[in-house]
Amino acid sequence: MDRRSFIKKAGVAGAGAAAATTLAAPAIAQEMPSITWRCSSGFPKALDTIYGAAEVFSDAVSEMTDGKFNIQVFAAGEIVGALEGAAAVTAGTIECAHTASYYFWGQDPTFAFGTGVPFGLNQRMTNAWLYEGGGLELLNEFYATQNMIAFPAGNTGAQMGGWFRNEINTLEDMQGLKFRIGGFGGRIIERIGVVPQGLPGGDIYPALERGTIDAAEFVGPYDDAKLGFNKVAQYYYYPGWWEGGVALLNMINLDAWNALPDTYKGIVKNASAMANSVMMARYDTLNPQVLKELAASGTQLRPYSQEILEACFEAANETYAEIAAENEMFKKVHDSYMGYRKDAYLWMQLSEYNFDTFLMLQQRAGRL
């Protein structure tokens, strides 16, 4: 067969294949079932970045299914309370909750690892552990006992360490301090004399303003400024050592998940991964600008002292050991998570750390 004959026949075959695909596409679309889920966010609509990740997920699912799979997103409190997402998913009241797993650590401390624990993994390490380090498989082994399956669908990165009405420099300054702190961090910080306060995001500002609490943490510059914390507390501390890489999850009712066609399952996984990436990108873009605005308006940035960080680190390790001695699943996930942390920092302290440190020094010197 000569070259021209081959190309001619290949062209005819290619055109036929293209026509077949064109004809088949509607048939494939028609085979997709029409499904509607309800997804409750753990956050209000006003926090457009963290709430918005659920919308990114929902929109992606709809787009990839030609509108056949519709996931309706509801803000916290519209159909389920901010701290009730896991229970509602377990019961099948809703099919999905986009939320922070550590909200439910009081039910079982193992929940905390789905979002992050004090002195744990940063954002990149969290993704690596979840996707490639066996973390998600371990967590879903645990979530299955709660009639759920979960997929990463957002991350805030390392959060700030909170707004304080007065400066804190030593452990003595922390004694009796009424501090609004979320997740597992409250149990840790209580060991050094702080009185943790559990408050929803909308209740933090009035509590700070009235002096009902002395300090509060939430997320970072962009979200915190939206809630107005800088107007009632001057000192903004860092880092949020209890939230080094805060993962948000799509928690999905296991029965609803098992009822999905395999194609839809793949779409849910990929749409969740998209939300995971977009949310972090948005925070990394928005936080620097807002931080500059906060500093210009009088906010005082302060690092936690080494004394305070060391004491909290020791308190965290003691707490983990106590819980692991009593909770087999917690120990199993903890050992995997912390083992990954050890190796990850071995690598990151080389090229990554030195590359970032050099450029940070150039930025500080005004050379960037």
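Every residue, even glycine, has its Cβ placed from backbone N, Cα and C.
Nobody curates TrEMBL annotations by hand; they come from automatic prediction.
Listed in TrEMBL:
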{"type": "BINDING", "residues": "Gln159, Arg180, Glu217, Glu243", "note": "substrate binding site"}
{"type": "BINDING", "residues": "Phe218", "note": "Na(+) binding site"}
{"type": "SIGNAL", "residues": "1-29", "note": "signal peptide"}
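Most Cβ neighbours within 10 Å, among the binding-site residues Glu217, Glu243: Glu243 holds that distinction in the structure as shown. Annotation for Gln159 (substrate binding site): spatial neighbours Glu217, Phe218, Val219, Gly220, Pro239, Gly240, Glu243, Gly244, Val246, criterion Cβ-Cβ under 8 Å with sequence separation of six or more.
Within the same chain, the residues at least 6 positions away from Arg180 (substrate binding site) whose Cβ sits under 8 Å from its Cβ are Pro196, Gln197, Gly198, Leu199, Ile204, Ala207, Ile213, Ala215, Ala216, Glu217, listed in sequence order. The substrate site is defined by Gln159, Arg180, Glu217, Glu243, and by the 8 Å test on Cβ atoms against their centroid, the other residues of the chain that qualify are Met160, Gly161, Gly162, Ile181, Gly182, Gly185, Ala216, Phe218, Val219, Gly240, Trp242.
Cβ-based neighbour count (10 Å, all protein chains) for the residue listed as 'Na(+) binding site' stands at 25.
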